[in-house]
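One structure coming up, written as structure tokens, with questions to follow.
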Amino acid sequence: MRAAATVKQDGLPLSRKLCYALGGVPFQMTNVVIGFSFQIFLLDVVQMEAFFVSLILFVSRAWDAVTDPLVGYLVSRSVRTPVGKLLPWVILSMPFAVLFYICLWFTPQHSVTSAFSVPWYLIMSCLFETLMTCYDVPYTSLNMFLGGHQRDRDSATAYRMSVEALAMLVGSVIQGQVLKVYNSERDQACQELVQNYLPTQITPSPQTATLHNTRKAFMTSALVVGAVFFLCSLVLFLGVREQSDPGQTHTPYLTGLRMLVGHRPYQRLVLGFLFSSVAFQMSMGNFAIFCTHVAGIGTQFQYLILTLLTTAAVAVPVWQLALLRVGKKTTVFMGLPLFIPALITFASVSDNFPVYVAMCVLAGASLATLFLLPWSMLPDVVDDFAVKNPTCRDLEPLFFSCYVFCNKLGGGLSVGISTMVLYFTGYKAGACSHGDGVATALRVLLAPVPIFLLLVGLCFFYLYPINEAHRQQLRKDLEQASAKKIPNMTK
């Protein structure tokens, strides 16, 4: 199962770990930008109705989820090239992913009808997510093909998650400047409009022409992120050598999928990651709108996200040290519950920036756990499957793609449901103020629902069967299998 098992176990050089880690920057940077600002971009900049925004967000995420196992299958059946089987997918999908990402933030100079804008953003979203899947599935699978020992893989994962946390931080800084321009123009337009309305009335949207600078800022951000995408992909391609097992054989796709779904450690890990990830996505996806329309600190939102992601970047190596001392499963229960008091405080307190900053520190520390631990635990599940099914080969892309599939499907449901709830509670695109129903809906979407989902995820992590003793036994079993296999291959 493990291609790296036949490679000389000399450990991974630091340069290869860093080049591998940089390959994770494009996915996380684009993910944080889209997650924090695409909803508000469609609602208040494009001036699209909440129903259509919900449709675009859900359909594009659902389509993205469906393509993951399909791409995983295609990658596993790809012909090996001189540079490997995974890296060609990464480098060939990159330029098209960059192109569609930039198109995602394009806005016409003048107002357009829904007949144009809805198909445009739906198609661009689906195309970008498809190309991003073609990049990310082989990239995440590459962890099993770097070479080295089990601890080397964990170390490479820690480097990757640290770099990805920094990438999210940089992405939030870039997009924070965009949202600063948006909030400035929005506040100025609303001040002009409110003079003609009573304070208790819901004011209409500012004129689209007043958002010219905001449109320009969104497009500039897209170009900068696209350039970073290109450079990091190039470093990954040039700096990582993909290891392979010349003796591996293929397992039929449906057979492998059935065995994968029936593998108990994989079931528990995927479900734990799914519910926890949806909890974070739902709360953070509504955080920008909540800060703007409920908490009254929309103009300071960028500083909150900066605090959250800076804490996450610092906390990743701390959690890596923790998992080496107390184990991965225990570290999950140390970090993820920190998100609960932060969410309760967010939903209960308004107009108190210092308190929000303190809670963002807690949320960032918890988010770092979600960055690191599930991805660090997944290779252990692959090893466990390899020990129990030694004749099954070349299923790594399927493991990683189905893992991402569940996460993306849950994310699609969270953003689709969130935006649909806002639509039914009376959210008006670009409006300066909203009724009590919208405020209540945002509070519920920010805290009670994510907390429930996170608790369900923790239950599945509790049932996850691979502890530290099991991991050590897996390492011994794989080393013994490798020692037997290498002499046979040299005969």
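Cβ atoms are placed via backbone N, Cα and C, with glycine included.
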In TrEMBL, which of the ranges 119-137, 157-175 has the transmembrane segment annotation?
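Per TrEMBL, the stretch marked transmembrane segment is 119-137.
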Tell me if the transmembrane segment (119-137) touches the transmembrane segment (269-295). I count contact as 3 or more CB pairs below 8 A, with pairs 6 or more residues apart.
no
Is the transmembrane segment (217-240) packed against any residues at least 6 beyond its ends, judged by a Cβ distance under 8 Å, and which are they?
15-16, 18-20, 22-23, 25-26, 29-30, 33, 37, 41, 45, 83, 87, 90-91, 94-95, 97-98, 101-102, 104-107, 135, 139, 142, 146, 170-171, 174-175, 177-178, 181-182
